[in-house]
Amino acid sequence: MSGTQSQATASSLQICRIMRPDDANIVGNVHGGTILKMIEEAGCIIGTRHCNTQPGDRCAAQLARVERTDFLYPMFIGEVAHVSAEITYASKHSVEVQVHVMSENILTGATKMTNRAALWYVPFSLEDVDNVTEVPPIKYASPGQEEEGKKRYEAQKMERLETKERNGELLMPVSAPEPYTVGFSQSSLIHLVGPSDCTLHGFVHGGVTMKLMDEVAGIVAARHCKTNIVTASVDAINFHRKIMKGCVVTVSGRATFASNKSMEIEVFVDADPLIEAEKGKYRAVTAFFTYISLDKQGKPLSIPPMKLEGDGEQKRFEDGKMRYLQNKAKRLADKERQQ
Amino acid sequence: MSGTQSQATASSLQICRIMRPDDANIVGNVHGGTILKMIEEAGCIIGTRHCNTQPGDRCAAQLARVERTDFLYPMFIGEVAHVSAEITYASKHSVEVQVHVMSENILTGATKMTNRAALWYVPFSLEDVDNVTEVPPIKYASPGQEEEGKKRYEAQKMERLETKERNGELLMPVSAPEPYTVGFSQSSLIHLVGPSDCTLHGFVHGGVTMKLMDEVAGIVAARHCKTNIVTASVDAINFHRKIMKGCVVTVSGRATFASNKSMEIEVFVDADPLIEAEKGKYRAVTAFFTYISLDKQGKPLSIPPMKLEGDGEQKRFEDGKMRYLQNKAKRLADKERQQ
Amino acid sequence: MSGTQSQATASSLQICRIMRPDDANIVGNVHGGTILKMIEEAGCIIGTRHCNTQPGDRCAAQLARVERTDFLYPMFIGEVAHVSAEITYASKHSVEVQVHVMSENILTGATKMTNRAALWYVPFSLEDVDNVTEVPPIKYASPGQEEEGKKRYEAQKMERLETKERNGELLMPVSAPEPYTVGFSQSSLIHLVGPSDCTLHGFVHGGVTMKLMDEVAGIVAARHCKTNIVTASVDAINFHRKIMKGCVVTVSGRATFASNKSMEIEVFVDADPLIEAEKGKYRAVTAFFTYISLDKQGKPLSIPPMKLEGDGEQKRFEDGKMRYLQNKAKRLADKERQQ
């Protein structure tokens with residue numbers, strides 16, 4: 001044991017983990033993203049460790065680049081993923097980490113090399129987060145090894161300079177909406193329904209859906225208010241149709257009404273059976289969430305007024321105002337009854 | 001409360017859990033969605049348990065409706081949330097579960113009632129998922145109690161009938177794109193960066209970003225192919241700018257190229273500092289992911305050809321083809337060298 | 001790299017992971033339950049792998065017992081936990097896995113041995129889940145090593161036979177309990193077993209159960225002390241019965257004993273098959289957890305004395321005191337032997 005352990009504290013590292021249902025799609029294939037995340041965790045540990053092996057500012061290794069990566073074989077739920085990482089080159093301000101991923105079937109003993117990856121990390125000072133620190137040198141097994149590493153370093157440097165940020169237009173342009181308009185704060189997310197979102201029989205828990213709805217509505221409210229916002233109430237929600245395992249859920253939210261102290265957000269949940277696409281997309285749930293805005297002491301703040309555009313928004317605002325006044329009246333009546 | 005606890009194995013239930021960083025926003029306020037999810041978990045357990053207390057088909061209680069819910073006080077990280085659920089009415093085909101939520105500060109002993117909620121569940125047979133089963137009767141403390149419950153039942157039934165699915169238009173209509181077009185499969189998600197996504201110093205782990213990118217790209221590929229798809233490779237990824245705690249990340253993907261056996265998806269990651277909004281939204285990462293499509297035996301399937309629209313899509317397709325041919329040539333060269 | 005890799009596929013294994021905010025309490029101390037879960041994951045991989053190294057039925061190693069474990073040093077968010085596991089003894093139907101846990105501060109390079117643990121696994125056939133399979137023999141470095149292992153095997157076998165399932169009555173609520181009484185701090189939680197809690201074959205991982213036990217025991221300790229508390233040790237735990245997918249698990253904890261510097265909490269785990277309710281609720285695991293209380297500088301604090309009520313509590317307190325004195329004597333003896 002001592003052998004592996006002493007190696008672990010030097011410039012190589014092994015991570016392994018059993019692949020679980022939440023790491024995979026419904027057919028049991030582990031997501032590429034699960035593997036990329038494990039690879040990067042190994043790289044981050046080994047990179048940060050190496051860059052702190054000399055006196056001076058403590059630093060954190062930030063991922064700067066991942067070289068092209070192939071997924072050679074699929075991995076499955078129940079297999080063990082072994083990630084081995086090694087520092088293979090150090091320039092003045094960056095380190096290269098090479099990573100191998102193997103899958104192991106612990107029932108049959110079969111192992112397969114599923115990925116090889118190379119990652120570049122740059123150390124940033126923890127005292128001054130914009131400051132890149134120097135990287136301690138590493139020992140190479142041979143001068144040839146260092147030379148090879150240097151070539152890779154120069155090649156990726158060139159490519160990084162060439163690749164400017166692809167400023168592909170936003171996919172769904174909303175023609176730069178003005179702050180405080182409905183278009184400015186509206187938001188949507190998609191979520192691929194995973195095993196932990198579902199009952200044992202493959203239906204999405206209502207609570208999971210409500211959590212996603214609150215997440216989107218909260219982002220709409222925060223985009224509008226730019227403050228700490230908290231959920232104040234949720235209107236009655238009807239669950240019209242079941243959502244099943246393997247669906248993609250689209251959750252969209254838009255501001256409908258704002259009083260001085262609260263704002264209302266309408267949320268839509270659409271389910272899209274990814275594979276049995278003939279069933280078609282359908283609207284599963286809709287609801288209204290109400291948020292209040294808080295300052296740093298937790299005291300309520302005013303809500304910035306909404307800028308309404310078009311009749312539709314005006315109409316929804318009036319409807320929202322009606323709900324607001326009804327709820328206010330109801331709360332007052334409840335209070336009086338209790339006295 | 002003491003009464004309900006001894007009944008715990010009958011028709012009431014208590015859940016409690018410490019609120020963790022991932023349950024809350026960066027200021028420490030627990031998300032309303034976290035609480036709604038706990039409430040529904042309690043309701044689902046107690047509802048399913050009750051509906052299976054008689055002979056006949058086993059069944060699962062599905063959430064049909066949540067009554068309007070107020071969040072009376074905020075809850076914070078480190079507090080314990082106590083959720084108490086009780087079955088308060090049973091009709092022939094539904095049960096009402098009433099839930100109370102209390103927050104407890106276990107260091108000071110302070111407790112607060114933060115929510116009251118009422119949920120309606122309908123039991124579906126596990127043998128035939130479209131079949132609603134009968135609900136066993138419950139015992140009421142008094143005839144008045146049953147009568148009150150019946151009134152609530154009738155009221156919500158009426159409301160459910162009235163509320164049709166609000167068929168609000170999709171928020172960002174893409175004028176019903178045709179299958180196999182870029183517009184048909186393009187997808188995007190927003191993700192509010194949480195504590196577990198970050199390093200100790202508040203920067204998003206590169207691996208977390210890559211996992212979100214693979215998630216979106218995988219949904220694009222599945223929407224296009226309607227089959228089981230798996231990641232085949234990822235192009236070199238440059239991380240141009242850091243993403244920090246408290247950002248909302250928008251990850252968008254669109255198909256760029258499809259050969260007979262694989263398709264390429266371009267992914268954009270945009271970061272939006274929610275609260276310090278003056279910093280402005282910026283593009284943090286872009287990359288190309290390649291997917292293959294598999295049949296039920298794990299054999300590769302053909303990719304449906306893309307329907308291109310406009311010069312932009314045509315141009316991106318040509319660029320993708322170039323990358324595809326270069327990678328293919330490089331793989332062949334690597335193979336020959338190894339022989 | 002090849003060196004570590006070939007070892008990994010034999011009878012030892014290393015797991016490591018960065019500790020994240022959700023792994024810790026609000027002061028930043030990693031939960032004992034997080035570490036127990038990692039230990040068990042390593043044991044489960046290595047045990048299952050070993051038991052499948054011969055022809056015959058494929059099998060899954062189920063956790064049967066964890067020996068008494070001390071938490072020697074606290075671990076913190078941002079540190080890397082290294083878990084090394086090795087098979088140290090094999091009887092006909094069980095294997096012993098010894099595990100070491102080290103914490104590494106990757107900024108300072110400081111490492112500490114934080115835990116040593118010994119776990120016993122029993123392989124169950126995947127064809128017939130009630131059938132225990134035979135364990136392949138292992139190679140010992142010396143005859144003495146085998147003999148030592150056999151002694152440990154016999155000792156734990158004896159203890160397992162002695163320990164009947166403690167049939168502690170369900171925790172009864174006390175109306176408005178006074179601070180420092182048992183009734184005041186007793187706690188319980190309910191957890192619906194999800195897919196990621198389970199092995200591929202639908203049994204709850206022992207590590208998941210231990211994590212829940214630590215969570216409840218930690219709440220009991222915090223309620224009693226109203227300070228930052230950390231896990232100091234866990235008594236030997238016997239896993240009497242398997243818990244399956246679809247169960248609801250109730251985990252309950254109550255204070256049994258407090259010395260000046262530590263307090264002991266008894267934890268019960270009851271499993272309740274939600275749908276196949278005719279199978280009935282059963283007690284699956286019981287254990288004693290010991291906690292210490294820390295001030296803001298991480299220095300130990302006195303534990304407030306317990307207010308005992310009734311003969312039952314008095315009896316359990318005396319039993320706890322006995323365990324406390326025995327462990328203290330054992331620690332002293334161990335120390336002397338090492339000198």
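For all residues, glycine too, the Cβ spot is worked out from N, Cα and C.
Predicted automatically and left uncurated, TrEMBL annotations should be read as such.
According to TrEMBL, the features are:
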ACT_SITE  C:Asn25  active site
ACT_SITE  C:Asp214  active site
DOMAIN    C:9-127  domain 'HotDog ACOT-type'
DOMAIN    C:183-297  domain 'HotDog ACOT-type'
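Across the structure, C:Asn25 (active site) and C:Asp214 (active site) are spaced 12 Å apart at their Cα atoms. Helix, strand and coil residue tallies for the domain 'HotDog ACOT-type' (C:9-127), in that order: 23 helix, 58 strand, 38 coil [DSSP].
DSSP places the residues of the domain 'HotDog ACOT-type' (C:183-297) in helix, strand and coil in these numbers: 29 helix, 56 strand, 30 coil.
In the predicted structure, the domain 'HotDog ACOT-type' (C:9-127) carries a mean pLDDT of 91.
Within its own chain, C:Asp214 (active site) has C:His31, C:Gly32, C:Gly33, C:Leu36, C:Thr231, C:Val234, C:Phe289 as residues 6 or more apart in sequence whose C-beta sits under 8 angstroms from its own.
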